[in-house]
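Scroll down for the structure; my scribbles are underneath it.
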């Protein structure tokens, strides 16, 4: 619910009721722009960079332009007349800001990075991260006000992301992130493929397995308690410990069962990673499947039986479709969780984007950490939004009240 | 024709239905009435085998229901429940077409039947066919529920407190609709309710239950005239019984020819109930009413004095309507 609806309404013209969310975000943005280092420049990969404030990185004009956009948004937000047009303008201001930011980096690169030094690199400073984060929050708030469909919002964010990527690929060679990427381009795509493969296989296997377990639990009531206790227990084991626990038995299997060795089963690598991922994924899938199937209204089921549906007809035509949105929630949680956990799996040699994170941490190269972390973040958000939208679509036909 | 012979139902050690025998002739409306937990719903649900009876016999058209495949049996019996039980993920048309589709009717025939039923129940096809249950009001949803039950044109309709969750005005409208439907379709209906007024209004045959047993059964008028015990009497409204009886009687059955005296000022249509007539007498401070036909022409008169005498004499005789 938008904040304004939660507040008590007063006289139409008497009170000054600005949009506090946007105003606060705007103030925080201004503070970040002028108070935090905008970019950092380092002579090479090893030394830590020097931070530059906005007036040095983007010149006084650049800082003023950013501030002007933010101020314009704040003025609109504090105006008592809340027209749709005003929200559209605020929305446009946020989008404009996000679109101009990579060009600011280009300017900073031009002014601050010595072209004669190919090792010199530009780092994205805290002001950039903070403003980007706050601008996204602002977009979320304005999306609610404008009641914009999720799909349009997703398209818009993809568009902004494309502008950033284009700028980075074409004109931002000096950006540290880009340099890290260029050195490991092949590795990077390989890591994304591995990451996606691990997540997809783990989640699909646990969907099949988890739904099977949930169905068995419904049939055999005794299984239910023990089953949930076990899955809950696994969920509490730290991921690294689980990888360690799997190491010994899998190594033994590989050494003693030739067939297992042929399959590529080893104490480290993708096998333990996949097993651990599946174990972690089972709980949300089983729990949501079970709850979803149980949550179908008894009246509806009574009517289904009373009208003469067979048990299988009732299950497939009534119970499953009604359970599907909650069930998809389970898949969504599992997917996001698996995308994050797979990063840890890099520690036991399973590959994936986690490898960059841990290598980068080892080398104190934060931009390499980012090279691993940013795609993981994007993947998690995309999975979350995509499956969430699918569930919302399914719900639309029927409000399950 | 539905017949229950000495039917019992046990849940573990408790007796939910205790030696119930009743028969509903074809085309009649039977209401099971009682307080909650008296076994009326259990009795109903045994007829379409949602619950198995423990002892006794239940016959449909003189054949034991245990001889039927339960699924096929249920497709032959319309079923309406209190909270409609409409499938929330299906639109109205699809919900109504459920049983015909289960019976594998051709799609065109299903569609035709669905449209026919929607018209019958006052749900304009263009407006409602594509709506989902959550977009309907309570009354509309239950109309869809009734349409769904009637879809495959079953001879028998089981209704488990169908109007119990509706507000009084909607409930009355749907009762009216059900009476009109029944006058046209002549289904054999078993109707469970705890609302005695609803039962009196709708039923040909009343069955009062308590603690799994049938306490009394008969026509509404016969129960009103001679309640078997204090429980039935209180269920029937105690002191209000006389008025309830009057609400089951039409003015035209009690009017006298126009006399030589001047016609009374207050006029009442002949199709109104005696209860409405009494109310009018009290309101207008008048012992006599002029009865008029649908064209507002006087056709007779109604006198309080005569009514009281008649009520007294019919108490001794059997009811004149059944």
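Residue 1 is the first one shown; counting continues down the chain.
Including glycine, each Cβ sits where the backbone N, Cα and C put it.
Here is what TrEMBL says about this protein:
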type	residues	note
DOMAIN	A:192-387	domain 'ABC transmembrane type-1'
TRANSMEM	A:20-37	transmembrane segment
TRANSMEM	A:57-76	transmembrane segment
TRANSMEM	A:88-108	transmembrane segment
TRANSMEM	A:120-140	transmembrane segment
TRANSMEM	A:152-172	transmembrane segment
TRANSMEM	A:192-216	transmembrane segment
TRANSMEM	A:228-253	transmembrane segment
TRANSMEM	A:259-283	transmembrane segment
TRANSMEM	A:338-358	transmembrane segment
TRANSMEM	A:370-392	transmembrane segment
Counting CB pairs under 8 Å, which listed stretch among A:20-37, A:120-140, A:192-216 touches the transmembrane segment (A:57-76) the most?
A:20-37
For the transmembrane segment (A:192-216), distant same-chain residues with Cβ under 8 A (at least six beyond the ends)
223, 227, 270, 273-274, 277-278, 281-282, 285-286, 289-290, 293, 330-331, 334-335, 338-339, 342-343, 345, 350-354, 375-376, 379
Same-chain residues near the transmembrane segment (A:20-37), Cβ under 8 Å, at least 6 residues beyond its ends:
3, 51-54, 63, 66-67, 70-71, 73-74, 77-78, 90, 125-127, 130-131, 134-135, 137-138, 141-142
Can you tell me which parts of the same chain pack against the transmembrane segment (A:152-172), counting only residues 6+ beyond its ends and a CB-CB cutoff under 8 A?
95, 98-99, 101-103, 105-106, 109, 122, 139, 143, 178, 378, 385, 389
